[in-house]
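First comes the structure, then the notes that go with it.
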Amino acid sequence: MNNIRNFAIIAHIDHGKSTLADRLIEECNGLEAREMINQILDSMDIERERGITIKAQTVKLNYTANDGNQYCLNLMDTPGHVDFSYEVSRSLAACEGSLLVVDSSQGVEAQTLANVYKAIDNNHEIIVVLNKVDLPAADPEKVKLQVEEVIGIDASESVLISAKTGLGIKDVLEAIVAKLPAPQGDVNAPLQAILVDSWYDTYLGVVILVRVKNGVLKKGMRIVMMSNNATYQIDNIGIFTPKKVMTGELSAGEVGFITASMKEVADCKVGDTITEEKRPCSEALPGFKEVHPVVFCSIFPHKTDDFKYLREALEKLHLNDASFTFEAETSNALGYGFRCGFLGMLHLEVIQERLEREFDLDLTATAPSVIYRVTTRSGEVLNIHNPSDMPDPTKIEIVEEPWITATIMVPDQYLGDILSLCEERRGEQEDLSYIGNTTTALLRYKLPLSEVVFDFYDRLKSISKGYASLDWEISSYLVSQIDKLSFLINGEPVDALACIVHKSRAEKRGREICARLKDLIPRQQYKIAIQAAVGGKIIARETINPYRKDVTAKLYGGDVTRRMKLLEKQKKGKKRLHSIGNVNIPQNAFIQALKISD
């Protein structure tokens, strides 16, 4: 056990985490040269294209150090995005040390900060690695100072590398062996293992990634999940090198995978403790919590026939990702679809993109919504994320909405614009400080989650030319003035456009969507009224004027009463059409109307 090192790589998006993992695998001959592809641990196409890591991955490497000893290095590649922060915290709980990778041309960013604090909470030994030192804009000395001032850890012995060219990779491996502690654990104690991640394999069923803290996992053993007391028999045990290699057992300190004929990923919750049925451990490992969706939206297929394919696609994705939820719903305007819950906006985008790309579906997504807590006059408390479930305003006592604490790091030339953005989004400033002697400001703001889930991140990036970074966590629910905004077309409500908004935003949003619908809905033979309403009150209106058909064109001369008679007949016909005619709203109009304006 003294020769085992378990470590994670912490980095902000794009600072070179997956590339460093590639170089470490190459250096330790984990794969032959012909099998190497860039970002080997990012197994989904979408992970490679967006340059993000979504699922936690692991790899076991054998390394012969300069002292002549053979070491077993277990590397955990963790997600870097705020939506997947719980996965990060569980991966970190399975390790004793971390490599903090910082881009030496960009410096420390907000998500790096959040993940480093998680590592410190897990008592990690941290090695600072400055990447991209071969870039002309690299300034390692300045970044070392920044790491010391912002994070408060010693960066004097930072390892300077370029993951792209392979410079300094050997130094990283030596630092891991020399500075990171070996795992603690007792092979003879009752089994205690942490569930780090799980995914679905077509042949093996659910594959579980585990780190054994105490005891030994053996093939054929009956195990218990401590969160729900479900029992299973282990079929296979192995490690990733990054290829699957069956080993038959894992003992204290080791990281590997097990399969146990599980049918669904939902049965194995990340962070759960696994123990033996015959000789269980006395208590579960700390830190486990259920992950709940934060952002909701409805997804509808363009073609009604695709509904069953959408259900199958969602079920397949759910096998690998139990953190998103879905349930069937119907809309008068868009037909059959699903109400889905996600961990955040990136999670929503990734799932939607995978549905469209991997399953070849054309989809419409409604405006994202968060969970509001509604207390009715009868004292009942409801959690509501779908506008159609909102009770009548006369029955509502109070509505509370989720607020977050956001940490924003931004160069000071963009500070004014970022402060304006936060104020515009109903933010309350908690703290503003400068990082050491740098020109980077550290902002702490309280913001309503509903204002952040739309396009806050995109606006933040565009205002700051990409230099600002954001990290957030939900802090509390606060009483707020929330309204349900409905849209009526010729007096008929259109459920797909309804949304839940803050009172101060209702009129502006109502006017925007009415104006957009006016441009998108084709003209008819009669007048069309587009209205936005809150409660029973109309707050915005647009009118689409009808075509004018010249019914008197065929007249030549003759009595004026003939002309009046034809116009009167046309008027009656239009009135009848208006009372029985349904306005045909093209699918495209919904998609365009639901796009959030700047």
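Please read every residue number as a count from 1 along the shown chain.
Cβ coordinates come from backbone N, Cα and C, glycine included.
According to Swiss-Prot, the protein has these features:
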{"type": "DOMAIN", "residues": "2-184", "note": "domain 'tr-type G'"}
{"type": "BINDING", "residues": "Asp14, His15, Gly16, Lys17, Ser18, Thr19, Asn131, Lys132, Val133, Asp134", "note": "GTP binding site"}
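DSSP assigns Ser18 (GTP binding site) to a helix in the three-state reduction. Summary for the binding-site residues Gly16, Ser18, Asn131, Val133: the Cβ-based neighbour count within 10 Å is maximal at Asn131. Mapped onto three states, the DSSP output places Asn131 (GTP binding site) in strand.
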